[in-house]
Structures are given as structure tokens and as C-alpha cells.
Ligand SMILES: Nc1ncnc2c1ncn2[C@@H]1O[C@H](COP(=O)(O)OP(=O)(O)OP(=O)(O)O)[C@@H](O)[C@H]1O
Ligand SMILES: [Mg+2]
């Protein structure tokens, strides 16, 4: 059983190799030489850049010269090689991001180890106690208050963005007359374009003082209003992705329902939304991802103190989120505290990546489902 | 009861003069055909119906009256506006934003294209089977019970079940009846909970027919309902149509002349340009058409 | 079953009962708008309106609305009004009203009767359950009007009788203290009741049944769409309103008033966008930040566009569609949704040590380039995939090589999509603050002489890397960062500029204008290309 699998795998590999060698044989030898020089130079340059060497410029210049020569004389192969290098570069960037923020955060994970059943689990203490104190011993870097803050903001933001976003998407794709849709859709996109710092500024100067006054809190900054502002910011994402999903439901299905003598609303509720369900939930997930990663509004509107609110569901106070922790503390942080900021980055990165992959999976399933019907 | 309203007749004799071949641009050149008269009351009356898609003139001044409880076949080459015509009868063309419709369609003497028409009511009474099968991405059972449930005729929702007033039994009866009528029951009886998208094209088409029957419309518009069916299923559908015409008014588009000849009482021939060239008794049309163009089309010389 | 067949084709009955329902819907809409106005203190609830306090007027209107809704429901039930109700208002309505009445029951027991603990929960649950049952069990006309009307009436009576007046406060007894005040609670409750009663009235207007349900849903959807559009409008209008005075401070028109650009004196002088901050200036400005933003965008585009388009070409044209392309797709989408602050962290850890160890313009450019890259890749790929295969086949059939085909057929055809995507992406990164916070940063008030001049900054040096540009390696500022710095600077802002608030709002407005003009260009380009394609 396993033997055949190995055999099959080996066959596949030999096939690939043969295809590659065929491809290489087909090429002009000088072109191959140029491309080899380019590849080698680029690899060396990259290695040099990684090792913080200013000499990296030398192989890079060689690469540029080789590429220029190749472009003039063997454009097809050079172009192919260049585009391939660009693809690899894109993937490398993702890898580098992952590696660098992980590596930078290792010390704090080690520092915050806890022993469970005799086994030392790195980083566990960051999640089991709620103390953040970077100044007076015992120095503790707990992520719990920030995770709490991010969860609060995200929950409130989703409660704002999901229902409003989905019904706005319904309005755009199913209800609005064509002229109105043409006018409103760019409007929604523009809403997506307003920089988050502008939202933060308006929230900070207008909403926060107002909220503090209304709810008679001590000081300004509440998860409730950060959540609302962040929800407004995530709204355009939800609207446009959900709108795409809704309008990709085939017209024939909608007509089929309407021709049975159902109302538009019944058709939407019973045919369009269920058929687009995965797309709509992907839209909400993407909105959640945006809300989790939103930085500036949270940074300027929250208090920036890494503490839990009391009681936990007290949304009228807002302390700190994972993102605002980084933005607030990068300036004075160094050593272990800076590593702790990277740890916050790692948590954000993993969460958002998981959400992104999840929503893509859902969308992929939807496309398969709707595509399979005709 | 002879012909329909007298106004229609005068209109027709006005505009359709014998052998008009003059260069008048605003007068359409028409072949002459006898006024078609029937004994049954008119179910659907169409008068001077013009449809444009943008600048594209898809239907050109069509006037015809469709008698109650009968089968009317629409034939004609591809793209001549048969589907467009059907979609005008239940106002599904309203969904096409580029479509512009002039003229009048009446259902039991009531104008369909007037202010304040309840489209839901109209479409309940004028059901439609589309040219390409379009089952809902739901189970077979839910596909059939969809219409009656939305119209509040049967209720098997969670709430109804909790309150103990679920119409489970009525639904099962309805599903079976409709599927039997559409000659699909034997094939799907043991998998009613399967997704309808998993059925074959022909099965999907019969499912759509069954779905249409489930709301008991008065008029059934069928756009090539047998295009994806094998001869046996086609025969069953044809039997069904014959049976339906006892009670319902059926308007059916078909590319199959034999089928039109077999099942319909009257036939309308559309030709390219969206023009209704001839309309009359099916036997008459197929045996002795008035128009040369229709004869050419029927005998296959057309085009 | 019977009812359905009897209804006429034309529903032309605009009877008096219908008019009443329509009036109730209108009343609800007015209440909705009024409550929003009260919430944002455009209206003060204790102020008199025609001699009566606003809160009393609200209470009276709510009561009226509640009574109207209930009357309509009962009228329909006894047959006084012609409707086609369904058998039940449905599960969703039952759940919603259950929750609403749970809250009402809980609030009343704890606030009025002062009961807590188990008894509180019991009463709340009981009211919730009763409301659910009243919604679900009777016919739709009762089920959807009675609970909505009753809650509206209750709220109205509470305001009318002064049980909840302008001085009302609910101490929430949290450890970090917070209270619900009348200024907040009254508008919010009004808003909520207006929505519920409006929905019920809209259903009644549609005669219940399928049509009524559609009316109810549409009312909510229309209100929502309208609110979103007005929020957008208000946000932009408000920023413009507050920012324009600062922006136009000291503006002069006339020949020779403006600064000299390419040897030509501009006929207009807007100091805010043409100067930095200096002791000698009459009017201070944000020119360095504008220049910084422009250079950032240019750098990011120069980095990300070739890389992204190249990778898109490889993925669509050369790579076989399979595991590899799928992984890249997932990775790019993941990169696109990665929080901007994480890019900042990455730039901080990766780029800064490699570009002289300090924050620099170049690091900022590259960080934003990393952010832009996935979007360029995604949109370019989409645009290239949309090029029909026939084009490629036709070109290949002529014996043209693959690369020539890509260059002369695929890329031109995909260009509109790529351009639009890039412009929209640029709009997004131009407004980003978080990534440059950690990689670039400048000061709160930047003097005019610190305006970056990348072109003039290049020089040759004898040590590798032989080319140096101190301008690129210097920390500079950008509009979004400057706004952030202005917000966080707090006190002491007034030492530098005469009116710090005006300066802040003007900065926000300039940032908004810059970003929105990118968006306007992007969206305009998309329409232009689409129209052109339509006509071809
Ligand atoms: N939604 C639409 N938008 C624009 N033009 C349309 C639309 N639907 C149909 N048309 C045009 O109207 C004309 C008539 O189309 P229709 O579908 O009614 O033809 P048909 O007789 O049903 O053809 P077939 O036998 O192939 O189904 C055609 O020229 C078609 O291109
Ligand atoms: Mg057709």
C-alpha cells in the first residue's frame, strides 16, 4: 500500500524532472547561461541582504546587468525567469513576515513559561494570568487584557457591521434600482477609503468626550464606541463582499422563485440568501478580520492601559487591544517588552490568517456548489 | 361565443392589408392570415405587443387571443421572441432592466400592464416553466413545497411543528401528486431529501414542471419543457399537458413541429424579427398555412 | 388557501385603513430621525417644543404610535380591516419579541420594583416567554402588532408620565462606574420602539401576509441603507466643515502670490499646503507631510507594481493551475488581510536594521509596498484571468511566441483592471498610519526645510553600496502620521500654531482629500474602462 504510494510519488517526481530537463534542452545555451547568472546573483544578493551586508549591492548589480542583457537578447526566457522570481519574492515576503515576527517574539515566550505537570510550556503564563507590568518587578507580559479588549471591540464591531452590512448588500444587489445602485456602490467604496486615523480623530475629538459625558465614566475611552467606529470601518468590506456573493446567485434561480408568485423579499430570504450563504458568511468573516486588525482608531480612542475592564462586560470602559498595545508602546519599548509587542503581533497574525483561510475555504465551497448546478 | 372583442378585429383589418408591399416605412409588412376564431372564452388577450431590449426590437406588434382550457403552441426559429412573448404574459420581463414593453396583455379581461397590478397574484395565476431547468438549491421535497409554503397554504416550519399544527401529511400528498403528474415520482420517490441540483437535466426539467403545478396556476407557460427529455419522458409530459388542458390554459413553446402538431389545439408561428406571422388551428397551420413563409418554415425550407 | 384565490389582480384599494397604516409608518420614520437627532444632541430632550418638553412630546408620539399599531392589529383580527394575515408571525419575530420583552421585564422589575437575583430572572423570563407566545400562537395580525405596539405604548407612557424624565439616571453599579442617563436612554429607547412599531405598521400597510412581510423588511432595509449613506455624507461634510477654515487660512489669490514651481509663480497661495512650520511664517502648514505621503506612495508603487504584476503574469500564464497556484492564492489573500500594524512590526524588525538602523523614508516605502503587493497581485491576476482564452489562442495560432503574446495581448487587455486596482490600493495605503508609525515617523510640526527631496538627494559614495540618498534614509513625516501626532500631542500644541484645533481638522481634511481623490480617480477609471469595453 505504502510502497505503491512511494512509487507513484517517485514517478511523479521523475516526470517533473524529465519535463524540466526537456524544457532546458529546448533552450538556447547562452540564454540558459544568462538565466543561471541571474538566478545565482539574485540568490547571493538576497542572502547578503538577509545578513545585513551592504555588499549585497554587488550581486544585485550583476543581476540587473544580466537581466538587462537577457531582456535584450533572450526576452522570452528572461521574462519567464523574472516573473517566476517575482512570484517567489511574493511568497518569500509572507514567509519572512512569519519568520521575523515569530523569531522576535521568542524571548518573551520563553520568559513567560509555566510548568504544567512537570512540563515547561513556553508562553503559557501570558494567557493564564492577567497582569501586564513592564516596569516594576515582577515583570509580567500578559496578553489577556489585550485579547479581552480585541474580543470586546470585535464583538461590538461585528454586531454593527454584520446586520447593517448584509442588509445594505441586499439593498444594493436586489432592491435598489440600477441608477441608485450605480450611485451608492462607489459611495460605499469611498467609505472604505476614509483612513482609519480620520475615523480615530473624529472618534477621539467628538465621540469619546460625548460618551464619557453620557455614561458619566471616569476619563474617556470605551470599547463600546471603539467597537461602533471599527464596525463602521469594517462595514464597506462586508457590504462589497456580501454584495458580490448575492449577485453571483444565478438570475434563473431568482426568476424561478418569483415566477412561483413569491414576493421579492421571500425570494431573497428563501433563495438568494441561503444560496449565497457561504459568500455572505465569508464577508462577515473578512469584516471580523478587519476589525481585529484595526489599529489607529483603537489607539487614539482607548485609554492604552493594559488592564481588564471591571466587570469584564463593562464596555463603557476601554483599555487596550492587541493592535493599540503595539502602537502605544513601540516608542519606549525595548528588550523583552518589545518582544512582547511582537508576541501580540504573532497572535494577531495567526488569528487573521486563520480567518482569511477560513473565509477563502467557505467561498471556494460556495463557488463549487453554485458552479455545479449547471 | 365567437371571436373576442370586436375592437381587436377592426384593428387587425386596419393594419394588415392584403399583400402590402408598398414602401411605407411605419407600416409593417404582414402576410395575410384568416382571423382566428374560437368558441372558448379568451383567457389571455394580447394586443399590439412590442418589446425592445435597448434598441433591439424583439417583438413586433403581436396581437393574439389565447382561449381558455386549451393548449396553444408557439413555434418559430431561434431568437424570434417566443420566450420574450411568454415572459410578457407573467411580466417576468420586468426583471430585465433593458426591456421596454408597449401594448396590452389581459388576463380574464383584466389588463396586466396597468398601474397597481399585484405581480405576486399575477404570477400565482400564471405559472411558468423556464427554458433551462432552474431548480432551487434545496431538497426535491422543498422544491415542490416551496410555492405552497410561501403562499401560506401549507406550513411545516419549526414553529408550526412546535405548535402542533404542521401540515406534514398535506405536504407529502402534494409532493407525491405533483411529482406523479410530472412523471418523476418513480425516479425520485426514495430520495426526496436529496439536493435537486443532483438530478439529471431531464429530471430537473420535470421537477420544474412539478414545482409549477404545486401552486395550481390557471395558466401554465412552458418554454420548451421537453427539450432535455428522452422520448419516454417526453411522451409522459405530452400526456400530462393533454390532461392539464382539461383544467388549465397551457401555452407551450416548442421547436418540435410534431410535438406541436400532436398536443396543441392552436399554433402561433413567430418568425425572425419578433413578428407573429400566423396563428390558427393547429391542423390548419400544419396542413394548409396561409403564409408562404410559414409553409417554408414548417417544411424546413426556411432560412 | 381560499383567501389567495379570491384576491384581485389589481390591488388598487387605497382605503382609509391603509392611509392610517401609512401614517403610522411615517410617524415611526419621524420618530427614528428625531431620536437620532436627540442622541447626538441636535435636540435636547429637556428643551420645550411648542411649550412642552421634548421628552413629553416623544412620549406622546410613541403612545400614539403604539395605540395605532395595536388598533390596526385588532381591527384586522376582528375583520374591520381587509387584510390577508398568515397563520403566525413566525419564528424570527417570536424570538425577537421574546428578547425585547425579556429586557423590558428585567428592567421594570429591577428598576421599579427593585428586585434582584432569582426573582428578577424569573420575571424577565416569564415576560419574554409570554411575549414569544403572543407573537407565535395567534394569527399574524395580532402576533406582529400586539407585542410591538405594547412595548411602544409602555415606553411612551413612561416618558409621558415622567417616570423616566430628563433627570433620570441608572447607576450601573459596576466596579468602574458608569451610568445610563436620560439623554442616552430616552433617544435609544425611542429609536428602538420606532423601529419595532414602524416594522409592524409597515406590515399592516402591506395587509400582512407575504406582502406585509415584504413591506416590513423593506422598511428596515431602506432605513439602514439611508442611514449608511447619510453617515458617509455627514462624516465627509463634517470634516470639510471643520477643516476648511484652517485649510484656507491666509489664502491669497493673484499673480505672483504663490510659491514658484518650475520657474513659474502660482497665482494662488494656500499657506497650509505650501509651507511647513516655522517661526517666521504667518501661517503654518503641512507641506512636508504632503511631500512625505507622495514619496511614500511613489516608492510603494515602484516596489509593488512590477513585483505584483510580474508574479500575476507568472501565475496566470506560465504556472500550471494546481496546488502551487492555489497555495500562492491563499497566501496572497492572507497577506492582504494581515493587519497593517503587523506589517509595521515586520518593517521594524526586518527593514530598519538593513537601512542604517534608524527609521527612514525607504523603510516606510517598502513596508507600504509589502502591504500593496498582495492587492496588486490579486487584482492583476483577476484582470488577466478575465482575458478570454480566444485572444491567447488567436495570437498563438499566428505563431507568436508565448512571451510576445503576453506582452502584446494579455497585458494590454488586463491593463484597465490592473490600473484600477493599483489606484484603489494606493488610496488605501496613502491613509495608513500604523505601518509607518514603526518604520518612518517624523514630528508633530515639521519645518518646511525638512520637506523631502528624493530626486535631489542622490549622491555617489566610495563605499558599498556606492549610491546613497540621505533623503531616503532620513525619518520624515506623512499626513496620516502627522494627524496621529497632532492627536496624541495633547497640551502644548498651541505653542507652535495659533489654533491647534483648526490645524488638526485641516490636516484631517487634507488627508481625506488626498485619499478620496485617489479613490475618485480609481472608481472613475473603472467606469471609464467599463464603458469603453461595453461599446467595443
Ligand atoms: N435579457 C435580454 N437582453 C437583451 N436581449 C434579449 C434578452 N432576452 C432576449 N433578448 C433578445 O431578444 C430576441 C428574442 O429572444 P428570445 O429569447 O425571446 O428568443 P426565442 O424565440 O425564445 O429563441 P430560442 O428558441 O432560441 O429560445 C433575441 O434577439 C435575443 O437576443
Ligand atoms: Mg427561448
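For all residues, glycine too, the Cβ spot is worked out from N, Cα and C.
Computed from a predicted structure; not experimentally measured.
Lifted from TrEMBL, the feature list:
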TRANSMEM  C:20-40  transmembrane segment
TRANSMEM  C:52-78  transmembrane segment
TRANSMEM  C:90-109  transmembrane segment
TRANSMEM  C:115-137  transmembrane segment
TRANSMEM  C:149-169  transmembrane segment
TRANSMEM  C:184-205  transmembrane segment
TRANSMEM  C:217-241  transmembrane segment
TRANSMEM  C:261-280  transmembrane segment
DOMAIN    C:290-522  domain 'ABC transmembrane type-1'
TRANSMEM  C:292-315  transmembrane segment
TRANSMEM  C:335-353  transmembrane segment
TRANSMEM  C:360-378  transmembrane segment
TRANSMEM  C:505-529  transmembrane segment
In contact by Cβ distance (the transmembrane segment (C:360-378), the transmembrane segment (C:292-315); 3 or more pairs under 8 Å): yes
Criterion met for the transmembrane segment (C:52-78) and the transmembrane segment (C:149-169) (at least three Cβ pairs under 8 Å): yes
When counting Cβ pairs under 8 Å to the transmembrane segment (C:217-241), the leader among C:20-40, C:149-169, C:184-205: C:184-205
Stretch in C:90-109, C:149-169, C:184-205 most in contact with the transmembrane segment (C:20-40), if contact is a CB pair under 8 A: C:184-205
Contacting positions for the transmembrane segment (C:184-205) when only residues 6+ beyond its ends and CB under 8 Å are counted: 18, 21-22, 24-25, 27-29, 31-32, 34-36, 38-39, 45, 55, 58, 62, 65-66, 68-69, 72-73, 76, 83, 100, 140-141, 144-145, 148-149, 151-152, 155-156, 159, 164, 166, 168, 170, 212-213, 215-216, 218-220, 223
